[in-house]
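Feature annotations, courtesy of TrEMBL:
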REGION    78-107  region 'Disordered'
COMPBIAS  78-95  compositional bias 'Basic and acidic residues'
COMPBIAS  96-107  compositional bias 'Acidic residues'
REPEAT    183-224  repeat 'WD'
REPEAT    225-266  repeat 'WD'
REPEAT    308-348  repeat 'WD'
REPEAT    355-395  repeat 'WD'
REPEAT    495-536  repeat 'WD'
REPEAT    537-578  repeat 'WD'
REPEAT    579-610  repeat 'WD'
Amino acid sequence: MATLVPPKSAKRARLEQAAEDARAAQLAEAGRIGPSSATLVVQFRDSNGSALGPVISLPADTGAGQMNMIVNQLRRQMRAEKKANRTREERKKAAEEDESSDEEDDEDLPFAFHVALDENGERKDIPINLQTRLTIAKNLKEDVLMTKQAQQMGLSEEDTLNVVFEPQAVFRVRPVRRCSTTLNGHASPILCSTFSPSGTLLVTGAGDKTARIWDLTSELPLHTLTGHAGWVLCAEWEGRERRLATGDMNGEVRIWDATDSTQGKTGRLAWGSKTGDQVRAEQGDSTEKLTSAQMRSLRHASPKGHVLKGHAKWITSLAWEPIHLNPSQPRLASSSKDGTVRVWNATSRLCQYALGAHTASVNVVRWGGRGLLYTASSDRTIKVWDAKDGKMIRSLNEHAHWINTLSLSTDWVLRTGPFDHLGKVADKTDAKTEEELDQQVQKAAEARFKAATAGNKAEQLISGSDDHTLYLWPPQSHLDNGEGAATPKKPIARLTGHQKLVNHVCFSPNGQWIASASFDNSVKLWEARTGKFVATLRGHVASVYRIAWSADSRMLISASKDSTLKLWDLRTFKIRQDLPGHSDEVYCVDFAADKVASGGRDKVLKIWRN
């Protein structure tokens with residue numbers, strides 16, 4: 001009679017699996033990936049999918065630093081081959097043109113590397129919610145082949161790995177680690193906070209009907225802006241830091257002028273106390289009768305806001321015309337719950353035109369770098385307008401619920417205008433007149449915008465909604481340039497994954513990432529070019545209200561209802577620093593240089609530094 005072998009018990013199966021895992025770990029420590037070889041076949045590709053050089057074999061323990069050297073060497077070789085293969089006409093044309101860009105390209109650039117598992121081989125059965133983008137932080141073996149995702153998809157050392165390289169900023173922003181200052185002053189919750197383009201000033205708006213300007217060099221209050229009759233809901237700096245716009249719950253917009261914006265002054269020099277000469281010029285002969293105390297009071301008086309009336313309900317968003325389009329007198333756009341958008345002349349303080357095609361509250365307005373206005377509404381539509389005359393170009397209709405947030409891939413360079421990451425104007429020279437200064441500032445801002453949209457990096461749009469989804473839209477164009485008919489109304493991608501409404505979305509400064517914050521307690525990352533899901537950042541235990549990027553696009557900070565801020569590392573997709581300190585919900589956060597500002601329901605402003 002045959003002997004029946006009893007089936008394995010669950011305990012015995014667990015013990016055998018543990019023994020196999022231990023043997024695999026021993027092989028890994030010994031440097032052995034598998035029985036075949038310790039080399040991998042790699043094809044480097046740029047973010048557009050174009051191959052760089054031939055397929056090469058690399059040791060499995062090749063790290064990111066070594067791959068960075070290899071990619072830079074391959075780029076130099078390709079440029080040399082391209083230059084050698086030029087025809088006589090092409091060489092003559094190149095000699096006539098400025099080739100300074102070629103000289104800059106010869107410099108080694110820092111790159112980030114990742115492997116997209118769903119683009120390696122013909123694997124179609126990809127598990128749902130599997131993170132297929134594997135960032136290479138250490139080496140190919142540990143970050144790719146030994147991951148659970150690679151094992152699930154059956155990836156082996158015999159497959160050709162498509163390693164994608166993406167250029168990074170040549171500078172690095174230091175991560176914030178501590179609260180350097182807690183600033184009191186507001187008597188109600190702080191609802192908005194925004195750094196100035198140079199990063200030296202900060203404006204906050206609160207429920208106490210005031211806005212405050214803070215000097216971040218001394219970390220002290222500079223001015224209290226009074227005059228609003230309702231909660232100050234939004235604030236926006238002009239690109240040259242000469243003006244500030246605020247909007248309140250009563251539908252009133254106010255524009256505040258710098259104390260002295262001549263000769264390109266910024267920061268405390270522009271927004272600080274007035275000089276005696278300025279006071280005398282304003283007061284005339286009456287200053288002779290003033291006491292020293294009265295004179296001192298006039299010198300330190302806060303700016304007076306110029307009222308722009310026209311909206312019937314509260315202001316939801318503000319946007320200035322980009323500096324490279326209008327350096328001397330940029331206009332201001334305001335959106336409101338009354339369903340309209342108004343474009344104002346900031347100098348004459350008159351409304352140039354009103355946009356009234358929406359049938360519900362307009363929740364956000366963005367002014368693009370190519371002269372287009374983008375508006376999103378609770379009527380579930382996004383409308384694109386020609387900012388020159390207010391003519392509607394097209395309506396984008398895909399969302400199934402209210403649209404809460406919009407972001408442009410050029411938001412960062414449009415917001416900072418001519419200022420670089422250090423808060424300085426690039427290639428600034430001594431200008432003798434305001435006209436010369438306008439030209440220089442416009443040239444610097446235009447150069448930054450062109451660099452941000454060079455090649456195939458056109459100005460894209462992303463929208464987030466109460467329907468839990470985001471839509472990535474293709475670059476929009478004017479109707480009068482012959483391109484309007486070719487501009488598709490359909491989105492590039494529909495981004496799904498959030499379980500609750502999407503409250504905030506923004507592109508990274510380098511235009512490679514999209515981050516979205518949701519009431520489902522999470523932040524999600526997406527590829528900006530395709531809208532492909534990258535990772536979910538989990539750590540908050542309540543709704544995430546706002547997010548902000550570091551200038552080098554290597555870090556992201558989030559503010560939440562759980563009273564904390566969290567700094568995320570985009571190399572590992574993990575929390576780099578947990579920042580508790582607020583005693584209640586954090587409503588707003590902003591990132592500039594190596595400092596972060598946050599405010600919320602506890603009425604205090606906190607400055608975070610390294």
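In case you wondered, yes, glycine gets a Cβ from its N, Cα and C as well.
The model shown is predicted, which means the values in this text are computed figures rather than measured ones.
Relative to the repeat 'WD' (355-395), the listed stretch 308-348 leads the set 225-266, 308-348, 495-536, 537-578, 579-610 in CB pairs under 8 A. Averaged over the repeat 'WD' (308-348), the predicted model reaches a pLDDT of 95. Tertiary proximity for the repeat 'WD' (495-536) is limited to same-chain residues at least six positions away from its ends with a CB under 8 Å from its CB atoms, namely 47-48, 116, 129, 131, 133, 166-169, 401, 404-413, 452, 457, 460, 462-472, 542-553, 556, 558, 560, 568, 570, 573.
If you count C-beta pairs under 8 angstroms between the repeat 'WD' (579-610) and each of 183-224, 225-266, 308-348, the highest count goes to 183-224.
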